[in-house]
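**Q** For reference, TrEMBL lists these features for the protein:
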- 1147-1157: compositional bias 'Basic and acidic residues' (COMPBIAS)
- 1158-1176: compositional bias 'Polar residues' (COMPBIAS)
- 34-133: domain 'Cadherin' (DOMAIN)
- 134-242: domain 'Cadherin' (DOMAIN)
- 243-350: domain 'Cadherin' (DOMAIN)
- 351-455: domain 'Cadherin' (DOMAIN)
- 456-565: domain 'Cadherin' (DOMAIN)
- 581-681: domain 'Cadherin' (DOMAIN)
- 833-932: domain 'Cadherin' (DOMAIN)
- 933-1045: domain 'Cadherin' (DOMAIN)
- 1124-1176: region 'Disordered' (REGION)
- 1-29: signal peptide (SIGNAL)
Amino acid sequence: MLVYRPSGWKAGRLLLSLLLLLTWETGTCQVHYSVPEETKHGTFVGRIAQDLELELAELVPRLFRVASKGRRDLLEVNLQNGILFVNSRIDREELCGWSAECSIHLEVIVERPLQVFHVEVEVKDINDNPPVFSVSEQKLSIPESRLLDSRFPLEGASDVDVGENAVLTYRLTPNEFFILDITNKKDKGKFPVLVLRKLLDREETPQFQLLLTATDGGKPELTGSVSLLILVLDANDNAPVFDRPIYEVKMYENSANQTLIIWLNASDADEEINKEMIYSFSSLVSPSVRRKFQINERTGEIRINDAIDFEDRNTYEIHVDVTDKGNPPMVGHCTVLVEIMDENDNSPEVVVTSLSLPVREDAQVGTVIALVSVSDRDSGANGQVTCSLTPHVPFKLVSTFKNYYSLVLDSALDRERVSAYTVVVTARDGGSPSLSATASVSVEVADVNDNAPAFAQPEYTVFVKENNAPGCHIFTVSARDADAQENALVSYSLVERRVGERALSSYVSVHAESGKVYALQPLDHEELELLQFQVSARDAGVPPLGSNVTLQVFVLDENDNAPALLPPGAGGVGGAVSQLVSRSVGAGHVVAKVRAVDADSGYNAWLSYELQPSAGSARSPFRVGLYTGEISTTRALDEADAPLQPLLVLVKDHGEPALVSTATVQLSLVESGQAPKTPSRVSAGAASVDTALVDVNVFLIISICAVSSLLVLTLLLYTALRCSAPPTQGVCGPGKPTLVCSSAVGSWSYSQQRQQRVCSGEGPPKADLMAFSPSVPPCSSCGDNGKQQEICENSMSYAMFRSLKGGLSTRRLLLSLLLLAFREAGSGQVHYSVPEEVKHGTFVGRIAQDLGLELAELVPRLFRVASKGRRDLLEVNLQNGILFVNSRIDREELCGRSLECSIHLEVIVERPLQVFHVEVEVKDINDNPPVFSLREQKLLISESKQPDSHFPLEGASDADIGENALLTYRLSQNEYFSLELPTNSKQTNRLSLALKKPLDREKTPEADAPRQRLLVLVKDHGEPALVSTATVLLSLVESGQAPKILSRMSSGATGPEVALVDVNVYLIIAICAVSSLLVLTLLLYTALRCSAPPTQSVCGPGKPTLVCSSAVGSWSYSQQRRQRVCSGDGPPKTDLMAFSPSLPPGLDREDGGERQEAGSNHPGQVSSMDSLSFEV
């Protein structure tokens, strides 16, 4: 409430006062009010809510409150209407004492969010205190001998009001002897003095009774009075006199006791005893001053007697009397004004209030944490306080009002990195030496669920033996969450999916708290070899976060299946059968074959055959192949041999313990004319050797002569030859298997999968056939190491050559190899593009829809994405089939300065196995500014240089590409130089300064000589454009002092053109050389492979070729190929499993034939398979 009282001021003075008031209010606080003292309870002060722009409805929800120092009940706010009103009696004199300015400082605090407002309420003085004299009667003893105009000081009145209300005027009771005079003391107001106007005569008037009245300047006026009793003395004619009526002394506070302040000097004109003087404090001196100072009665020295504190009182007025020893004694008077100067003896005080703790780690920058107020009792520079914080903390102090600060958040918090901070607020004053104080604030960071549980590995491999007990523990997964409390409580669950016709939860379960994985039922290797599923870990935060880990559970085979004999088929014998054998056959002739399969795998499925010795002692003329099951003659048959030869063949696997089955074979010996004709399919391929070699030579010559059009010719010839090729032999024709590689144990890998067809020659169709082409480990028993290494390193090419169908010509072989090589290096089947630096979750493409896959089959078919390099850049949502950005993509980090940048993805699905190639192009954005290698370049230039001289400079470079890397240069304005760029390139980091006019070091303005600074500004062409600058410091030297230019600078402007031409020539030569080398390598490789004897048909007869053998191998998914596998006899198999492991090193090879037998039914190969071949 602003109070205006009319007075006699002029209009201009009033206007000026109002402007000053407005300025003061704006500069000192946010809101200013004024209220007179002594107003009644409920007096309106101001609409504080409206003035602070706060809604009435939000005062209570936001916890609106008012705080003030000292008495807190003087003012109050009505939360219903937002009005600030007087709550209790306000006494200005009690509140501020003698201070000219008096105000009540309020802190208005609201929360949600935290806001602090400062309100100043000025308390206006009213004239409510009359002038008061310290005593009711003052006594004066005046000798009658005093001269006219003698002056006698009186004690003045005091008024605790301020301003006009404290301005006093005095009047004296009219009389003929005395008049009243007013003395103005420096900064101390007016004091009354009695002046003698008429000589006194004690005999006539021994005493006077006068009344001194003081009147203040308030409205209405208030008065106070004191009685003056004047006693007229008869004696001494001369009173002692000080050399000065008023003494002014300055001293520092905290001075030691007995420190001399002043030495007073008075004189008396009388003689003898009337001249002797005694110094004393006047009766007007208050007891508090008497305690602080003492006076020597004889010498007039005033010394300190107690501690002096500037903060308690900064001035003292000491009235001193000097009295002679005459009779009556005469008194002289003086006043000593002592001014106390401040020293920096008070440390600042720091108070921290309104803590908003703990602070959430996701709190926004600028959030108010606490309120800090500082104060210092000293004055001037000693009382000016500055605040600072502990360094390296994410907080800062923001000044809000005078000595009030807010502690606010300056940068993002991370509880996982630092969970609590100890912030020390240091307040330091401006004294010398300065004093400081500290306050410590412990800021605890509250956890936010911003970390998902993380597994140590993205994938785990678990091996479990089949026929396990139901409910057995097979593995334990564990995820760690960096958060705290409930945000770190991790629970585990299965990511449900279908495994064949059954739910995943029917096979395994996971304990929600411990992460233990249990097998709910016995697992069967023959039914389920690999169980792949995901376990999800989710925390208990809100919202919860989670992550998945993949478990690959491999069911290890147990020898729980005995060998099963295959029934007799066309051209073969199985089980109890009969066979006619001609007596004319020679030794080693194959007369029959026993076929068997074992549902197990590895050693458990590696079958061996042996004859059960007959009861008689006669040696049988037949034997059975240990691993082939072929029954052959050991010698020529003669008439002595019985016409009916019953043989009992034992079929045994290599499991522990071994399981055995038996087959009975009845061989009937007949004469040669009765022997059946044996079919022959082997002679079909022998006649085509020469033709194949000629074709290879022709295509080699054509390929070498047509390097530039190799790809187009390959595609056209391949298409033509595929359409015109003669019909080949059936895929599942009879024949013996070709062993690629064998071992008991192998390694499996998913990368670079190819789809192939698999069939078996006998038995019903197989539904769960798996064929692998693992890498072949080196072994000492594999024969030639060089050949073995070639076969192991080129397993793909070897498999293709060894698995070609009988009718496949050599020219088809060559074209297939070339097409495969170029397809491996070609682009993907699907193409997307995405800008760099996009946010997590940015849509890239509907990859499942574009690849023709149904969303419902992504999880059952084990949909997965593989990429080279960083694998976390892109991810696929299996719920909607969308490819999205998973982490930050930086094109410059990924591809450098390459113009083309893409991420190649391999998308793999199973059942059936399919591989898709996806190309994601990363688009460049303008996120890199141009950069100078040198921010300041120095040039020494001779003044003799002619115009158009050029001086090379280092330009800028931009890590972006395309338009974002095109740079435009600009030179600061000057009259001597211009900037020139090479004309043969749009993007360059070479530029030069061109001299426009002659230089003269002596005539150059003094401000520019002998050094000049030029500013080179470069801007790229991106959106938005980014800018960088560099400084060129030019030093002018006289012509005789010009230094030699460095060789790399003096090469001038002609070098880049020649260099670019040379680079282009070398690039063309390099490209041609590399292309020719690639084509020659493929053709030579093909020629060497095709120069071998012709291979057998896919399912044709023949013994297997052993590639590599070892006792222990590894199964690997790497470079898998789906292949066509067939058995020579019988219908297709549906449960066939083919491996290419290594043979154990302990296996002895007797001869070449035995080595072939040893490889035909080694562990990892299905027993009694007539022929096993692979075709891409």
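Placement of Cβ uses the backbone N, Cα and C atoms for every residue, glycine included.
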**Q** May I ask whether the domain 'Cadherin' (456-565) has at least three C-beta pairs under 8 Å with the domain 'Cadherin' (833-932), counting pairs 6 or more apart in sequence?
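**A** By the criterion, they touch.
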**Q** Can you tell me which of 243-350, 351-455, 456-565 gets the most C-beta pairs within less than 8 Å of the domain 'Cadherin' (581-681)?
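**A** Checked against 243-350, 351-455, 456-565; highest Cβ contact count belongs to 456-565.
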**Q** Run through the domain 'Cadherin' (351-455) and tell me, per DSSP, how many residues are helix, strand and coil.
**A** 4 helix, 54 strand, 47 coil
**Q** What is the average pLDDT across the domain 'Cadherin' (134-242)?
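**A** Taking every residue in the domain 'Cadherin' (134-242) and averaging pLDDT yields 86.
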**Q** Residue counts in helix (H, G, I), strand (E, B) and coil for the domain 'Cadherin' (581-681), per DSSP?
**A** 7 helix, 42 strand, 52 coil
